[in-house]
Amino acid sequence: TAMPNWGGGNKCGACGRTVYHAEEVQCDGRSFHRCCFLCMVCRKNLDSTTVAIHDAEVYCKSCYGKKYGPKGYGYGQGAGTLNMDRGERLGIKPER
(Lines of atoms letter the chains of each structure in order from A and count residues from 1; the text may use other names and numbers.)
(Lines give C-alpha, C1' and ligand atoms only; values in the text may rest on other atoms or scores of the structure.)
Protein backbone atom coordinates (compact mmCIF):
# COMPACT_ATOMS: atom_id res chain seq x y z
CA THR A 1 0.00 0.00 0.00
CA ALA A 2 1.17 3.48 -0.82
CA MET A 3 1.83 6.10 1.81
CA PRO A 4 -0.84 8.79 1.98
CA ASN A 5 0.00 11.62 -0.34
CA TRP A 6 -0.86 14.83 1.49
CA GLY A 7 -1.64 17.89 -0.56
CA GLY A 8 -2.34 16.11 -3.80
CA GLY A 9 -4.44 13.49 -5.42
CA ASN A 10 -3.64 10.05 -6.73
CA LYS A 11 -0.95 9.40 -9.28
CA CYS A 12 -1.97 9.04 -12.92
CA GLY A 13 -1.70 5.47 -14.20
CA ALA A 14 -0.48 6.78 -17.55
CA CYS A 15 1.93 9.66 -16.88
CA GLY A 16 2.69 9.19 -13.17
CA ARG A 17 1.94 12.79 -12.18
CA THR A 18 -0.58 13.84 -9.53
CA VAL A 19 -4.23 13.75 -10.54
CA TYR A 20 -6.51 16.35 -8.96
CA HIS A 21 -10.12 15.51 -8.40
CA ALA A 22 -11.49 17.79 -11.12
CA GLU A 23 -9.55 16.00 -13.85
CA GLU A 24 -9.64 12.50 -12.43
CA VAL A 25 -10.98 9.43 -14.20
CA GLN A 26 -11.03 6.27 -12.13
CA CYS A 27 -10.77 2.92 -13.82
CA ASP A 28 -9.94 -0.51 -12.47
CA GLY A 29 -8.96 0.93 -9.09
CA ARG A 30 -6.51 3.38 -10.58
CA SER A 31 -6.65 7.08 -11.41
CA PHE A 32 -5.92 8.83 -14.67
CA HIS A 33 -5.95 12.39 -15.93
CA ARG A 34 -8.87 12.76 -18.28
CA CYS A 35 -6.43 13.73 -21.03
CA CYS A 36 -4.18 10.71 -20.35
CA PHE A 37 -7.01 8.21 -20.38
CA LEU A 38 -6.41 7.13 -23.97
CA CYS A 39 -6.41 3.90 -25.91
CA MET A 40 -2.84 2.60 -26.00
CA VAL A 41 -3.19 1.80 -29.69
CA CYS A 42 -5.19 4.53 -31.43
CA ARG A 43 -4.90 7.21 -28.69
CA LYS A 44 -8.65 7.85 -28.72
CA ASN A 45 -10.07 9.39 -25.55
CA LEU A 46 -11.80 6.80 -23.37
CA ASP A 47 -14.47 6.82 -20.74
CA SER A 48 -15.99 4.13 -18.53
CA THR A 49 -18.33 2.96 -21.30
CA THR A 50 -15.68 2.62 -24.03
CA VAL A 51 -12.70 1.28 -22.10
CA ALA A 52 -11.44 -2.30 -22.19
CA ILE A 53 -8.66 -3.31 -19.82
CA HIS A 54 -5.97 -5.92 -20.26
CA ASP A 55 -3.63 -6.20 -17.28
CA ALA A 56 -2.50 -2.61 -16.72
CA GLU A 57 -3.16 -1.50 -20.28
CA VAL A 58 -6.21 0.40 -21.43
CA TYR A 59 -7.72 0.15 -24.89
CA CYS A 60 -10.86 1.26 -26.66
CA LYS A 61 -13.16 -1.67 -27.30
CA SER A 62 -12.44 -1.86 -31.01
CA CYS A 63 -8.63 -2.00 -30.58
CA TYR A 64 -9.04 -4.45 -27.73
CA GLY A 65 -11.21 -6.62 -29.95
CA LYS A 66 -8.63 -6.53 -32.73
CA LYS A 67 -5.84 -7.42 -30.37
CA TYR A 68 -7.44 -9.92 -28.01
CA GLY A 69 -10.67 -10.96 -29.70
CA PRO A 70 -14.19 -10.00 -28.67
CA LYS A 71 -14.32 -11.75 -25.31
CA GLY A 72 -12.79 -10.55 -22.11
CA TYR A 73 -12.92 -7.59 -19.83
CA GLY A 74 -14.78 -5.02 -21.86
CA TYR A 75 -17.59 -7.43 -22.55
CA GLY A 76 -18.35 -8.45 -18.98
CA GLN A 77 -17.28 -12.07 -19.38
CA GLY A 78 -14.28 -14.03 -18.31
CA ALA A 79 -12.80 -16.22 -21.00
CA GLY A 80 -13.91 -19.44 -19.33
CA THR A 81 -17.55 -18.71 -18.59
CA LEU A 82 -18.77 -18.25 -22.12
CA ASN A 83 -20.57 -21.50 -22.86
CA MET A 84 -19.42 -23.87 -20.13
CA ASP A 85 -21.98 -23.22 -17.42
CA ARG A 86 -24.98 -21.71 -19.15
CA GLY A 87 -27.65 -23.08 -16.84
CA GLU A 88 -26.13 -24.27 -13.59
CA ARG A 89 -25.46 -20.80 -12.23
CA LEU A 90 -29.08 -19.84 -12.68
CA GLY A 91 -30.26 -22.97 -10.92
CA ILE A 92 -31.44 -24.61 -14.15
CA LYS A 93 -30.59 -28.30 -14.16
CA PRO A 94 -29.54 -29.77 -17.49
CA GLU A 95 -31.99 -32.44 -18.59
CA ARG A 96 -30.77 -36.01 -18.24
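Every residue gets a Cβ built from N, Cα and C, even glycine.
Automatic prediction, not curation, is the source of TrEMBL annotations.
What TrEMBL says about this protein:
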- 85-96: compositional bias 'Basic and acidic residues' (COMPBIAS)
- 10-70: domain 'LIM zinc-binding' (DOMAIN)
- 77-96: region 'Disordered' (REGION)
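Sorting each residue of the domain 'LIM zinc-binding' (10-70) by its DSSP state yields 14 helix, 23 strand, 24 coil. Looking only at the domain 'LIM zinc-binding' (10-70), the predicted model's pLDDT averages out at 91.
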